[in-house]
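One structure below.
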Amino acid sequence: MAAVINNAMLEAILAEIRPLIGRGKVADYIPALASVSGDKLGIAISTVDGQHFAAGDAHERFSIQSISKVLSLVVAMNHYQEEEIWQRVGKDPSGQPFNSLLQLEIEQGKPRNPFINAGALVVCDMLQSRLSAPRQRMLEIVRRLSGVADIAYDPVVARSEFEHSARNAAIAWLMKSFGNFHNDVATVLQNYFHYCSLEMSCVELARTFLFLADRGIAPHLEAPVIAPIQSRQVNALMMTSGMYQNAGEFAWRVGLPAKSGVGGGIVAIVPQEMAIAVWSPELDDAGNSLAGVALLEKLTQRMGRSVF
């Protein structure tokens, strides 16, 4: 399976993609992210049979941002019954920008899915209700999944996002007005921004998300992370809603479940085979890594992998 993959192959693909750097734009609405150099490019792959590959800036940590929304959903799945989650947040793509208020108003405070901001805030609200220390719990889970003990939040990024949180606060208050938000808004926003500020490398992300390629099982942990059916459900949500309003185009070009973040990272899953993490900070108009999407497209073509 993984015989076609090696570090030299990944380096060659990076060289083909590198000319795209300069065509996107680093996220500038979060000041702490705006200072990141746009010329970074990295990829890492972890396979279910225990192989690991990396190239470029794969060992450099960056702000994972909305990739964390997958992890917060997984934590919620371990603390809530299925119906408790999905009566408060939907399972459908939104077709709208990830921070849209319009759709939320029309649909009476129930977000379309857990990977847009409104949906992730509902999930964080649920974690606040059920966990005594949700920020510490998330850190423990990420460190356990990755096998890396020093993964941490970036307090500068978290503070920067909180200081520019008017729109997310508006989303939370709108949901509160519809009865779909139960805790203190500022407290939940702080948790949400800390999750987004997690600093991880491509290598760490690929290992962390490997459980989604293996029916909810992380190879180095005794107990399953989530049940096989839940792993399938998370992959389905990533396929339909993980790439903001460009999920359809990404499915067309790449054909894998994936989740992106405005820090320039993307995690993609080849079910039963591998987890892939890429990073390039310059974004396209939808907020996805421009070179990162192209890198995944080239890689999946080279490997002949797709869920379709």
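Placed from the backbone N, Cα and C atoms, the Cβ positions cover glycine too.
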Ser66, Asn117, Glu161, Asn168, Tyr192, Tyr244 bind substrate according to Swiss-Prot; which of Val48, Val142, Val262 goes with them?
Val262
Neighbour count (Cβ, 10 Å) for Asn168 (substrate binding site):
21
Give me the long-range Cβ neighbours of Glu161 (substrate binding site): same chain, 6+ apart, Cβ under 8 Å, in sequence order.
Ile30, Ala32, Phe193, Cys196, Ser197
Can you check what DSSP calls Tyr244 (substrate binding site), collapsed to helix, strand or coil?
helix
Same-chain residues six or more away whose CB lies under 8 A from the CB of Ser66 (substrate binding site)?
Phe98, Phe115, Ala120, Cys196, Lys259, Ser260, Gly261, Val262
